[in-house]
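Now, the feature entries from TrEMBL:
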DOMAIN    B:40-204  domain 'Aminotransferase class V'
MOD_RES   B:195  N6-(pyridoxal phosphate)lysine
BINDING   B:358  substrate binding site
């Protein structure tokens, strides 16, 4: 049977993106056993590394073995009991996802919404908190569906004031935009590797505050098959998922080392390398690199006469929405970019389906050459499809080069 | 920061085990986009490959992105509604796990048990089915906690007769023991990669019969954030997990290609390579290799004067339980094997904690040299701890060599 043979795509969509080569190499490492001190040592190291990624001193910083939404579901289903009240401010697809997962956990979900392309004022959220008095506030930081970045800095204080558990998913934004778990007083955060951290999908780091852990530990149970006389019995209502039972998962990552799942070792090596890659370069430097690439891409898009989508003041550094011009077949452009130039840009869904492209500059691909090739290629395929664009030929790539040049000075 | 540096352990426990080198290499492959035709092509190929692994013509043969118990939970939580009646025959730890996951899904769970080290007669199961009249029967094929292999061949017919959905988890056994989804009339099967398939933990292939799919499709919903006018509304009761919502997962793997999670591409490449490695060598040849290695290990253990655990007629090919002699410190033996010989053998939990070791010969490690080194090393550490064993020096390794020699003729 054939060996894997993949084309060398440049992935400039909203993620997944190309992995850092060293992250790919890490996954090819031969395993050791699940309870080998070398393995548990690496688990502890991963906890320490992700504390730095999250900017937190939370002891309970671990991986959920699954894609990003596995982390989301673990955080929500472990905290929520049927009838609990939750507030979800929705500014794109992933807000709807948070709401849906809370509903499936039996919670009473209240949503507030702003139009896609906008974010919330803290006042709007405080008003809703006051009205709804939720047990938990769930909100994404960056919603790739709209490219918007919700400011979170003032929400933690509001949540403390009303005794609300504050949870955010930062999958789309972490690494490319500032994130500050402890300063922002977050109780739970979930992320994935496949955006600005430059890894593949398949591991979901989470961090949990002592307040959150105290809450979910009230629902602590030990699995029947591994129970022995040393283990105390059940307490509190049972979490509806075994796989996402955070008290059990913490027993596995903690000193108890009680067996739950078998840790996905290759994905753990991968998550470790993503964190080290980020921290070696420096968190601020990586954010600056994303900002620069994002600014250059935006300048290029505008110089090509294309309209960026949404409120640019609140755009994530790492992705831009581009309104598809009326005289252009958006899917044909994407098809040509992919099949002739080996460059992928993103489509959209829900209310934005067919209306915008999404172009990412994330992780390994938040690079000058990636930005320049994408803009040149986009100009070429636009010209091929609708004839010469208005303005100077090469205006897009030149504008991006100018952003990079300014930054050098 | 330091690069990964792992000792070259020989993993002879009940799993995870060393990966096939080609499986590790596959994970280091650079990504393409989630909806790239190359990626969806590989998804389709993986479906076809795992049909062959499972011996099935089931169209719906996909990966769940998580460890083995993610596959278990997906199958159970998608099928079960609160109040549904389930029968779980328990012959080890993983039976208890199946029961627990069903309970968390709100099912009324009936268990029957045999002592650890035994399996069920089909009559016992039929009697219970008759009494309980469950909607679903859930049973593991191989339970690594006891090393036993439950015969499944006659259970499918019983389930059809009583209109019961028949589900088995074959994580511990697949690849090393016969498994026949369609002939045995199974409606759902889940597995993992980290045993006889020679991969790491982190991807859970499942196969689903048309009957199972028809059942869960009655609970089909489309996610709010990606719904558009083409999508019909909800039907049936909502599955309590989004992540494990099989109708949604099938919409992603099927022609609809509706976004759910972002497929964990590196683990998919890995799962693909595990299947190809198995199929290239040939399923029957791989089972025979596991049988031979298991027989050689068993002969060696017995020749060392050690007692194998459980009913040997029903032992899995790929793992043996070894009663820890009374005059031996079982954990000290394991410690020395690991730290001086770089060989890992397994401990136990629940009722067998401290009573047996578990020695595996799985996947890449179902090899003559692995068996021989393990037996030699075990003899040495036993001798070091309690003085010369009774019987001929080298009796263990010689007995194993004899099994391999006989097989050559």
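Indices start at 1 and increase along the chain as displayed.
Cβ coordinates are placed from backbone N, Cα and C, and glycine is handled just like the others.
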Confidence summary for the domain 'Aminotransferase class V' (B:40-204), mean pLDDT rounded: 98
Other C-beta atoms that fall within 10 angstroms of the C-beta of the residue listed as 'N6-(pyridoxal phosphate)lysine': 30
Rounded inter-Cα distance in Å - residue B:358 (substrate binding site), residue B:195 (N6-(pyridoxal phosphate)lysine): 13
For residue B:358 (substrate binding site), the number of other Cβ atoms found within 10 Å of its own Cβ: 22
